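Q: This is the structure I have questions about; it appears just below.
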Amino acid sequence: MALLISLPGGTPAMAQVLLLLSSGCLHAGNSERYNRKNGFGVNQPERCSGVQGGSIDIPFSFYFPWKLAKDPQMSIAWKWKDFHGEVIYNSSLPFIHEHFKGRLILNWTQGQTSGVLRILNLKESDQAQYFSRVNLQSTEGMKLWQSIPGTQLNVTQALNTTMRSPFIVTSEFTTAGLEHTSDQRNPSLMNLGAMVTMLLAKVLVIVLVYGWMIFLRWKQRPAH
């Protein structure tokens, strides 16, 4: 579902691990249905959840029936809070909202019809609705359309624990402020690889924590 604007011419330790594994997005069947009658639309997950201090990826994709102009001038923008809310990111300027300075990355390549918005160092105040908007030049003029329901981001507090795991596995995506990946391979494949790597790292944490707990219990057994 999308709105079109057309302009002619233009344990404590284990609990923490499980909480991290719960971060992600829910693609509900009725979240963003294709509207083939109109032939254009934007697809986003219905809900995403993350942990304070962590990061979250909001995937998006879009489709359209028009023939692109020689210079399509394709760009992606994101709004938050409501459909007519403030713009937090615009790839054509580039622009990034003060609230998200140094914390937003758009993994999208010019000409591609899918990508990912990554929010780093999540804050409680980031909890809101997020809407992606597409802008391009077609042979029929400038076309602009946006997701209507958007994606609801829920941010949960990290668990405060006194017990620390002796094993720490970190997965970090380094960036300096705003990054617009205009010279990369297919971002969907790159994001899939990153998600698989992060999942394997989290599974490794669980295995190591369980192993450490079993080792401690074995050490504490009375000698016969």
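Just so you know, glycine gets a Cβ as well, placed from its N, Cα and C.
Sharing the features that Swiss-Prot gives for it:
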type     : residues : note
CARBOHYD : Asn90    : N-linked glycosylation site
CARBOHYD : Asn107   : N-linked glycosylation site
CARBOHYD : Asn154   : N-linked glycosylation site
SIGNAL   : 1-28     : signal peptide
TOPO_DOM : 29-195   : topological domain 'Extracellular'
TOPO_DOM : 217-224  : topological domain 'Cytoplasmic'
TRANSMEM : 196-216  : transmembrane segment
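For each feature listed, report its degree of burial, its nearest neighbours and the pertinent distances within the displayed model.
A: The Cβ of Asn90 (N-linked glycosylation site) lies under 8 Å from the Cβ of Ser75, Ile76, Ala77, Trp78, each of which sits 6+ residues away along the same chain.
Of all the Cβ atoms in the protein chains shown, 22 others lie within 10 Å of the Cβ of Asn107 (N-linked glycosylation site).
Classification of Asn154 (N-linked glycosylation site) by DSSP places it within a strand. Packing around Asn154 (N-linked glycosylation site) is summarised by its Cβ count: 13 other Cβ atoms lie within 10 angstroms of its Cβ, all protein chains included.
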Q: Fill in the CA-CA distance, Asn154 (N-linked glycosylation site) to Asn107 (N-linked glycosylation site), as an integer in Å.
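A: About 21 Å separates the two Cα atoms.
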